[in-house]
Structures are given as structure tokens and as C-alpha cells.
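What TrEMBL records for LYS60 is active site, proton acceptor. Positions annotated as active site by TrEMBL: SER117. The substrate binding site feature in TrEMBL is assigned to LYS219. TrEMBL lists 269-358 with the feature domain 'Peptidase S11 D-Ala-D-Ala carboxypeptidase A C-terminal'.
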Amino acid sequence: MLFWKKCCFVTVFLLFFGVRAEVPPPDLPVKSYLLMDAQSGQILAERAADERLPPASITKLMTAYVTFNALKTGKIHLTDLVTISANARAQNGSRMFVEVNSQVSVNDLLQGMIVQSGNDASVALAEYIGGTVAGFVHMMNATAKQLDLQKTHYQNPTGMPDEQHFSTAHDIARLAQALIRDFPEFYHFYQQKEFTWNNIKQPNRNRLLWRNQNVDGLKTGYTDAAGYCLAASEKRGDWRLIGVVLGAEKEAQRYDAAENLLNFGFANYTQVTALRAEQVLLRGKVYKGLEAEVPIVAERTVHLLLPVTAQNAISAHVALDTLIAPITKGQKVGTITVTDGSKSYATVPALAGKDIAAAGFFKRLKDSFTLWRQK
């Protein structure tokens, strides 16, 4: 039972390193970039990452996200056959080369969209799921809002140029993170190197799949307005990074820039476990209970990425509510903020580590008086 919201604050030192030195971000020949840890969302390097820019075919990450969600909720199925409209067939740019009135499975259309970057496949999926392209675009923008992509707006499911169609490197990285997190069962599409449809074999536009065996996604993009763009993901062991580069002038530059960005992260940062789930950080004072204290634990493990050569003290700032028995193990009793003193890395719920039963009448009366005096 917790009804007093007065808090106490305790700082617990977790790790200690030498004086911190910031790792300077790389200089890449692109308009905008961002490097993110896929698990925590921690940003390791960025430049102009919140500048609104045309995303080109990287838009199809959101088209895929909405499609994957429709699959996961049972609205559609991979085996569903989609009748191809004249509108889908008429799309310009990259195409899967589907024929009007032919029936193509959702599974094949996903490969046509993700591997071949087919605008026709994207529109066919949009019409099937949203009823109309406009209906699907509404779903895309609603999903962007749900994912808190604050500087993203879609006008179509393909990424074709439009003044009101924009995103940022930051939002794209967050979308890629959400896609990997929310739909691991469909992520294999992004690792596929080629797809053949209508007797036309097309390679995946993401050339990093061939250059680096650890790269397993995600999506390229190009228009005259957007330049050459790439959202890429690389996994080494259990550590995954997401790199987004936008606005390269040449095709080769986007691959080089993305590869250099990912290499920068793996070379200059190291994974550190700052908190472990169920780790007892301190013992909180309990009122009106049979026991005077309760162990305070973290809800989940927190991993951080810190510079390899120069790191600093990491501490947990624990804010506890007034703890009044009865208390149940696993009950949220406050928050834990992992910080280095100048920057907060993560905030997780603080939980009670055990049950604390209520005390008898006189103990409860005594503690009630104590709490009253503390008001």
C-alpha cells in the first residue's frame, strides 16, 4: 500500500572509470547521419540528425512496419493473394514488375518491396491493407505518432518526392529500432540478397549485405531531391548498431559512409552492464511493516555503451516513494536513473525485492504519527 508521494533520493555508485573524454564524431560526406544502439536507443554519433529531409525509399520501412503489424494482428496473412491494380502497376521508379489483375501473395509482395524496393509492390500492399493508398498513408502517419517520430510525415507508401513527405535521420533510426524490436519474426526479409519475380532477378539494393557479413539490413533510398540514403544495421555477437546516412551525392558514398559509421561505433565504444535485473541497490525504510526495510531492485538490466579509452563514474539516482506496508514483491516503489552526473542514460522502475506484511495496531499507529510529523 503506497499512498504518500513524498520521495527520498539516494545515489548509488555503480561503476567508476577515469575522466571521461568524448569521442569526436566521424566526418562523413552526407547531409545528415545518426548512429544508435539498437537495444537502448543510446545515440553514439550524429550530425544534423533532426533536420527534416526527404527519405526516398527508406519510407518503405514504415510501409513494412504497418504491413508487419497487420500480419501480427491477423488482419492479413502471408498467403493472402492480392489483386494488382492498374494504379500499382503504373508506379514509376524501382519496380517488382507485377502485372495488372494478377494475384500476388503478401509474402511475395514483401520481398518485392524490401529486396527489390518495388514501388508497385508497396502500392499493392497499401491498397490491400488500407483500402486505398490514402487510407494506408493515414495508418502510416498514425503509426509514426504512436512511435513518437516527431519530425516525420508521409504522403505516400513509396517515398516518391513530395514537399510534405519528410523524416530525419533520428526518426528513421528509431523506426528501424522499433521494426527490429517489434517484428523479429519478419526481419529475415531484410537479409535476403536477391529475389526473382516475372523471370527478372533483382539484387537487394543494400550492397553492404555483400561487403560485411555482419550487416543484415535495412533499406536504401534514392531520389534527386533526397540523394543517396541508407539505413543499415550490423550485429556483432549480441550487440546491434543502427546507422542512418542521408543525402550522399554518389551511390558509393552512402555505402562507405554507413560502413564507416558502424565501424566507428564498434571500434570506439564498449558495452557495460550498469544495472542488472533484481540487483539489490539499497534497502528502503518501510513504515507500518513487520520489517523495517525492503530491498530495492531494478526492474530490468541496463546496458550502456561508453567510450573505450576514457570512461567515468556511472551512478544510479534512486527516487523512492514513502514505503508503507503492506508491500508486494515486484511492486513499483520509485524510479532509478542511470547517469554519469551530466547525462542520463536510462530510467527504469525501482521495485520492491520482497513482500513486507503490515505490522500490528500499535506499530501502525506509531508510524502514522511519525509520518504526520514529517508532512
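The backbone N, Cα and C atoms fix where each Cβ goes, glycine too.
Caution: TrEMBL annotation is automatic and unverified by curators.
Here the CA atom of LYS60 (active site, proton acceptor) lies 8 Å from the CA atom of the residue listed as 'substrate binding site'. Neighbour counts of Cβ atoms within 10 Å were taken for the recorded positions LYS60, LYS219; the minimum is at LYS60. Residue counts for the domain 'Peptidase S11 D-Ala-D-Ala carboxypeptidase A C-terminal' (269-358) under DSSP (helix as H, G, I; strand as E, B; rest coil) come to 0 helix, 58 strand, 32 coil. It is 8 Å from the Cα atom of LYS60 (active site, proton acceptor) to that of SER117 (active site). Other Cβ atoms within 10 Å of the Cβ of the residue listed as 'active site', summed over all protein chains shown, number 27. Under DSSP, the residue listed as 'active site' is assigned to coil, being neither helix nor strand in the three-state scheme.
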